[in-house]
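Asker: Below is a structure I'd like to ask you about.
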C-alpha cells in the first residue's frame, strides 16, 4: 500500500475538461463480475487466433508459409463474419495492440489470391493437418466444458444456417477489417518505425528448416497469447459489461456503411475516451467531415457550457491524425487586447506548422526518405504583421506535397548503374541478416543468386516490391490528400471585438490564393480547409454577411442518467481529489500497489475499503442528481462543482466514526447535507448578485476607490482637483495665507441656491475646468504648507510623480480632441457634449506609453507629447468620489476649500 501525497494530484475538481483526462470508461465496478457466455468466449478465441496468425507471420519468411497462413487468416475472417451474435470490443483493442500487422492487407490478399491457384497442392495437406489439430483442440474443450455443450451446439447451428446468406454484409465486414488494419497501422506508426525502415531479403527455407519454423510459430503464438493477456489485463479497465452490451454485431452492421472506413477506428477510439453520451453528436460530425478529403468548409458546434463540445471535437481530430490548429478566442481577445488579431494569426500558423512537421516526419519514415528535410515551422515568423502576410504563409504551408521529392528520388535510382544497384542490394542483405527477422511481410525481398531453382519466388518478390511502391502512394494519399482543420473556440468573443477577422477566417478559402492576377499561386493546388466554430448559441445571419448559415452540430444537455454515468466514471479522480483538498490532517488515502485504481481511506481507527467507498459514492451521486439536476442541467460545470464540494460533508460522519457505512445510514447522511444543498441551489441563476453587491467593487465603505499611490501623488491629485473646481480669481486667498504662514481662513457661509439660477450656471460650476501647470504646482504647495508644514520642492521625485500621473491618464493635456465638456447649442436651445464622451484615457492613444518614458526629457522611445511649459493647459480625469476618499484619508477638508 502506498500513501497518496497531497501534491501528487493533478486534477482540478472545478474544471470539467481537466477532471475527465482519464478514459471515460476507466472504472469498472468492483462489485461487477464479468459474465461471459460461450459465444463470447468463442469470439475471443477467434480474435486471439487471428492475432496469433499475425505473430506467426512475423516469425517465418518463406512465400510458401505465407500462402499457408493466408488460408488460416481466411478461416478466422469467415468465423468472425459468421459469429455476429456478439462482437467483443476487447478484440478491437487487441488488434490495436498487435504491432506486427501488415501495412496493406488488400495487397497481400491480392497476391495470395494469385498464388492460390498455383500452390493448391502445396498446402492442402497442411490445412488438413491443421484442421485435425483444431478438431483435437475442440474435443478437449468439449471434455473440459460439459456445461456449455448445448450453447456451443446452438451457436454452431447458427453458423451453419447463416453461412454466407448475407454476401453484402460479408463483403462490407471484410472491407471494414481491412480498413481497421490500415487505421491501426497509421495510429501505431510510431511503434512501427523500425519495422517499416527494414526490408528483409531472406533465402527460402529448406525442408530441414520446417521444424524450426513450426517451433518458432509455437513460441511466437505463446508469446503473443501472453502479451495479449497482459495487455487485456492492463487495459481491461477500458472495457466493461456496458460497452459489450452496447457494441454488438447488429450495432456494427448499421454502423459500418454509415462511417467512412478510414476514420472508423478513430470513431471507436473517440467513443472510448469521450463516452457513449455523445455518440449522436459524433456521428453527425463524421457525416459533415466525411473522410476528410472534401469536408464542409465551415461547421458550427453549439451547446451549453460543460457539454463536452471542445473535448469531443479535439479528441476526434487528434485521433484522425489530421493537421489542425486550435485557438481559444476568449483567451486571445482578453489577454492580448489590440494585438489579438496578430496573436490569433500566429497561433494558427504555429500549431499548424508543428502538426505538418509531425506529418512529414511520419511520411519520411513510412517511405524510407532520409536525404531530404523539410521544416514548416521555419516559415512562421515570430510576429505576423497583417492579414496578407498570414494568407501568404498559410498558402505556402498548405501547398506543400512531397510528390516531386519521390519522383526525383526514383529517377535518380533508375539512372544508377547495375553494379551500384547490386552492391546496394548486397549491403541491404547484410544489414537485414544482422538485424534479424522482425520486419513486415510486405517488405520481404527474397532475392537469390539461384535464379534457376527459385524463379517463382523471385517473381513473387518483384510483385511485393511493386506493392510496396503502391503502398507508398497509399500513404501519400492518406496523409497529404486530407484537409486541414481549424478549431475556433468561444467564437462569440471574436465576433464582438474583431468582426473583420471573423469575416476573413470564414472566407479563408477565397483569400488563400490571393488576388486573381497573382501568377505565383495560380498553378499550385492547396489542401482542403475546414473551419469548426464552437459557440454556446447560434450566431445571427447578418454576422455571416452573405455566407450561408453553416451546418450545426447540437450538443444538448445531458440527461439525468447520463450525468450519473459520467459521475460514476469520475470516481477515481473526483472522489479522492475532493477529499485531498479537505483540510484534515488525520485523513490518509492509500492505493494498492498492483492496481492503482483501488484505494483505501484511513482516518484514525476508521478504515474504508475500495468496494465500500465506491458503493457510498454511487448512492451519493444518485442523491445529488435527483436533488439538483433540475437546477443545473444547463451547466454541467456547476453540477460537477456541487458534487465535488459536497462529498467531504457527505462522508464526514462515516470518517468521524459517528455512523457505520451501511445502507440504513444513507438517509442520515443525506439529511446531513440537505441544508447545504438547499443553500447551493437557492437562486442558482443569480447567486453571484449578493456577492457583487457586497464586494469591493460596489461597496463605498470598502477599498473600491482606494488608489495605491504615493503621498506626493495624492497631494498632487487633490491640488489638481482644487485647480479644476475653483476659479483663478480665488487663488489670492490661498497665496496670502501661505505667505503669512497661517492656515486658511474659512470662507463665509454660502448663500442658498437662488431659485432663478439657471441650469446652465449650475452645470458650469460642476464641470471641471482646465488649469495651467504652474497653477497646479502652486496650489499643491499651499496644501503642503498649510496641512503638512512642508514645501513643494521640484526635485526628481516630484517630477517622477507628475510624469506617472500624466502617463496613467489621471492628468491629461487639455485639447478639444480629448476633452469632453458640455457647451450651449444655440440652435437647440440646450446643452450638448463637445468632443469625445468619456475618459481621455480610454479614447485617445497619445496617453498610452510605458512608465519608463519621461515627459520632462526627450528620448527615442518616448511618445509625442506637447511641451510641458508653466502655462500648459491640463485637465483632471479622476472621478470626484476618488478625490474625496483621498482627502478623507489625508484629513483635508475638501468641501471647505471649494468656493
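Glycine too: its Cβ is placed from the backbone N, Cα and C atoms.
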Asker: Tell me which range among 6-26, 27-47 Swiss-Prot lists as region 'Disordered'.
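Answerer: Going through 6-26, 27-47 one by one, Swiss-Prot gives region 'Disordered' for 27-47.
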Asker: Please state whether DSSP places residue 308 (ATP binding site) in a helix, a strand or coil.
Answerer: coil
Asker: Given the recorded ATP site (303, 304, 305, 306, 307, 308, 309, 310), which additional residues of the same chain have their Cβ within 8 Å of the Cβ centre, ordered by sequence?
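Answerer: My list of surrounding residues reads 536, 555, 636.
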Asker: Indicate the candidate from 303, 305, 306, 308 with the smallest number of other Cβ atoms within 10 Å of its Cβ, considering only these binding-site residues.
Answerer: 305
Asker: Give the number of CB atoms, excluding that of residue 310 (ATP binding site) itself, located within 10 Å of its CB.
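Answerer: The answer is 19 other Cβ atoms.
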Asker: Three states by DSSP: which one describes residue 303 (ATP binding site)?
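Answerer: Residue 303 (ATP binding site) sits in a strand per DSSP.
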Asker: Counting across all protein chains present, how many other Cβ atoms fall within 10 Å of the Cβ of residue 309 (ATP binding site)?
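Answerer: The Cβ of residue 309 (ATP binding site) has 23 Cβ neighbours within 10 Å.
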